[in-house]
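Take a look at the structure set out below.
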Amino acid sequence: RCCVGVRMRGTLVLFVSLSLLQGTMSQTPPEGDSLTECTDGYEWDVQSQHCKDINECVTIAEPCQGEMKCFNHYGGYLCLPRSASVITAPEPSSQAPAGPPPQSNEAFGSCPVGYQVQGESCVDVDECRYRYCQHRCVNLPGSFSCECEPGFQVAGNNRSCVDVNECDMGAPCQQRCYNTYGSFLCRCEQGYELGPDGFICNDIDECSYSSYMCQHQCANEPGRFSCICPEGYQLLGTRLCQDVNECETGTHQCEEGQTCVNIHGGYHCTDHNRCQEPYVQVSDNRCVCPVIKPECRELPFSIVQRYMSITSERSVPSDIFQIQATSVYPGAYNTFRIRSGDDNGEFYIRQINNISAMLVLARAITGPKEYTLELEMVSVNPLRSYKTSSALRLSVFVGPYAF
């Protein structure tokens, strides 16, 4: 045997026997012969007048690829894992040399090179017995040939095997190719996955992984995906949707004499003067009922117009609007109530103190929907037998989506 491998505590130890290579360790020309030619893997040493082994691990640039380590060997070299150790077995003292039989050419002997005398005939020498090749050896009449395993090719010395870079030789990878020692790997770009054949890259449908990939709608594309927002919204970042303020961008179609109010997913046009008899307009959003008119006695003295927009499916209960008294009279007690517009009990008032209250959403609402709530603050002064009220007409627009 050439060598025996033993694994000790995670380290591969390789014992190399020299019994078959004893004749190739140092070669001495026949007595009286002045030839200085050596076989492959050896060079003539003038000082010792012998053929000396060449250390290919030093003379060859990068003899081993990948994570393999080069170990010099008589007449060649070995590529082994870096954790391996090579321990040379001692030369047997009583065993006769087992190297290749002396060969002679037609000028110096009766048999040509690659043959040896056996009786009165020349028989072929099986050079493969001496492990000249790194991978596989094929004996030929008078010679031999070295072959390599798949993924390797014969080096320039016709004995060693070097890795083949399949990626430079038309490997069937559809996208990315990575050369490995003796083979290659196919990989895919982001957004693709490797098919069962190991070569073809198939698109990944990211939208099928989760319904939360996009806030509104996910569109799969080759190698990627994109998010789409509904009309009236624009993409915020890559996945979220943000309302477009048509009133600021000037994309609304409100007429002259109207005011643009931005709401979720659109806009609303309101008239500048929304005061109805017997109220008269005193500012852009405030109407007053004059006390000189008899019909104003049972109506709130003033009505202020306000607008707000909320999203669908809002968690409840939820504070959505705070009411604040603008005028406070000494000794007066203020109470707040929903005067009209809450027919289904979806809102209620929570009074905070004597001058403020909070409008609370009591039930989850799905839009698009519009509410017009009239919120009233009643002021009573028992010492002066005085009672008055003012109202806040709040238009609540519920958007079609939860964003």
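Yeah, the Cβs are placed from backbone N, Cα and C, and that goes for glycine too.
TrEMBL has this to say about the protein:
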{"type": "SIGNAL", "residues": "1-26", "note": "signal peptide"}
{"type": "DOMAIN", "residues": "124-162", "note": "domain 'EGF-like'"}
{"type": "DOMAIN", "residues": "163-202", "note": "domain 'EGF-like'"}
{"type": "DISULFID", "residues": "Cys167-Cys177", "note": "disulfide bond"}
{"type": "DOMAIN", "residues": "203-242", "note": "domain 'EGF-like'"}
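Beyond its flanks by at least six residues, the domain 'EGF-like' (203-242) meets 189-193, 264-266, 400-401, 403 of its own chain at Cβ-Cβ distances under 8 Å. Mean predicted confidence for the domain 'EGF-like' (203-242): the pLDDT average there is 96. For the domain 'EGF-like' (163-202), the residues of the chain that approach it from at least six positions outside its boundaries are 65-68, 149-153, 222-225, judged by C-beta separation under 8 angstroms. In sequence order, Glu166, Cys167, Ala171, Phe184, Leu185, Cys186, Arg187 make up the list of same-chain residues 6 or more apart from Cys177 (disulfide bond) whose Cβ falls under 8 Å from its Cβ.
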